[in-house]
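The structure appears right after this line, and notes come after that.
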Amino acid sequence: MYDRSSRSSSPGTQDADRVPTLRTAIARMGSPLLAVFLFSFAVNLLMLSGPLFMLQVYDRVLGSGSRETLVTLFVLICFLFGCMWALDAVRGVTMVRLSARLRAMLEQRVLAAGRAAGRTDPSWGPTVALADLDAVRKLMSSPVALALFDMPWTPLYFALLFVFHPSMGWLGIAGGAVIAVLALTKRMVTRTPSWQGSVAEGRAARRVQAATEMGDTQRMLGVQDGHEQGLLAIRDTALHAHAITDERIATFGSATRIFRLFLQSAMLALGAHLVLAGELTSGAMIAGSILLGRGLAPLEVIVGNLTTVQASLASAHRIDRNLAKHAVLSRQTAPSDLPERMGKLEVRNVSFATRDRNRPIVSGLSFDLNPGEAMAVIGPSGSGKSVLARMVIGGIEPSLGAVRLGGFAPHALPADMLARWVGFVPQSQVFFDGTIAENVARLSPEADNAAVVAALEYVHALSDVTDLPQGLLTDMRWAERVLSQGTLQRICLARALIAEPELLVLDDPVSGLGQEGTALVNKIISAYKAQGKAVIVITQRPSVLRACDNILAIDDGKPSCVGPRDEVLARLMPRQAPRQPERPTEIRRKA
């Protein structure tokens, strides 16, 4: 066929125990996090310099009238504020870098875990998995994370208020409780409309995607106007729900801010009352107001972003749970590397069922496929042929029974390992964002352009592609509109062949190809058999069967016949015995 000199492995093939969970990844950052904790301790100590400066100015400078003392205190406070700025900036930058490091450590593993979990739990597929990781990263780099580091020092500020006067301490605690109640109430009254808005936005996004992908079809079917009206109605629902949410957030946010200002004024009023009663100095009155604001600041940031914090913690829990599950599965089933040759494909009494069906889609399928053999899977539409193909290539896991590629379960193999062994042409043409070359190269960043050209030339699609204005660099979405269905099917074949896999699974490969395409598919099957590789062809066309050695016939999800091609065809289409000529009826004359 054609040569591909080298294959490369992705980071997904590394040891599964290296960073198995989110907790392990965070534990590996223990030293930087400890540094951030110490920086936070220093920053919060330096925060006391402001109240102490006020205390000294009111009680010492104004009382003594000493300008030298004022200048000394001012120079000292400038130095302390400079140190505080430097430490605060360093801890902020450190958290941003740690969040980026966390993503780099886990992104590949989270994506793999999302793919694995998505096979059985659609609510946590790759998209949601990466969104969860981004949520954790954003929390780590946000002011909320620094507020969490500041929170342990809040009792220190309230303790100083109690030192000034117990009444000031109790007022601070009461104010903090009211702010927490306002935040919890805000979350309760915004939870339902926020959820409704998110659901409506998801529906609208799916409709927009459908309009983008099937705009021409919708126009031809006469459903475009109805689709657009429905989309606008859904967007109106989302807008109404989000408007209610935003109004309530604005109301409670304003109440929280105004209450905090009121609380500081109340602290000043209480301090003034205590000064008039001779129980407090003027400096302590001003310092108490500043300490109150500083003590409530972390609490206000956290409770004001409580929804974000809870969502991020839920994301972290899902990541940790699925990473741990994926690590256990990888240790149990995934090899460190695959042998160069796949060996035999074994399918043992496999069945597949879904929760929404009363009976299995397929059941009781068993066969072996040795290297150098080709098997055709035939049967009526809806009999489960494509489901069998998905189980063989590791797209889904059998509900019962086992599929083994060279002794390994395909659904448990890392994607990069599986891609070295299996090439697949789906029943429906599937392409991805990118150029034609990127689609043929399976979106690999290490794609060999010569291999792409060779694969397209082998399936007789190179001339059609190079005739396009941008050739191999043509955007695939645009190419789908201008290329014929036959050329697009040849591109799918090139993508399956480019890695020179050990097993080729073709689901209705001659769709749209015509007689030349049928000859091409038979040529590919024969070439693979000659190289000692295996082929599975799912088809209903007799013209593809001539290159196959065996046939598996499926009817209503169950095997009706399996064996050598000629024997199966003879059983399925038996020759009718020639009819014996009828004897002429003898007519007897009456005597």
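Cβ atoms are placed via backbone N, Cα and C, with glycine included.
What TrEMBL lists as domain 'ABC transmembrane type-1' is 34-311.
Taken from TrEMBL, the feature domain 'ABC transporter' applies to 345-581.
With a threshold of 8 Å between CB atoms, the same-chain residues lying at least 6 positions outside the transmembrane segment (33-58) that come near it are 26, 69-70, 73, 77, 80-81, 83-84, 87-88, 90-91, 94-95, 98, 146, 149-150, 153, 156, 160, 281-288, 290-291, 294. As annotated by TrEMBL, transmembrane segment applies to 33-58 (among others).
Annotated transmembrane segment per TrEMBL: 70-87 (among others), in sequence order.
Using a Cβ-Cβ cut-off under 8 Å and counting only residues 6 or more beyond its ends in the same chain, the transmembrane segment (144-162) has close neighbours at 36-37, 40-41, 43-44, 48, 51, 91-92, 95, 168-169, 171-173, 176, 288, 291-292, 294-299, 301-302, 305, 308-309. Annotated transmembrane segment per TrEMBL: 144-162 (among others), in sequence order.
Long-range contacts of the transmembrane segment (168-185) within the same chain, counting only residues at least 6 positions beyond its ends with a Cβ under 8 Å from a Cβ of the stretch, are 157-159, 161-162, 252, 255-256, 259-260, 263, 266-267, 270-271, 274, 288, 291-292, 295-296, 299-300, 303-304, 306. Annotation source TrEMBL lists transmembrane segment at 168-185 (among others).
TrEMBL lists 258-276 (among others) with the feature transmembrane segment.
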Stretch-averaged pLDDT - the domain 'ABC transporter' (345-581): 86
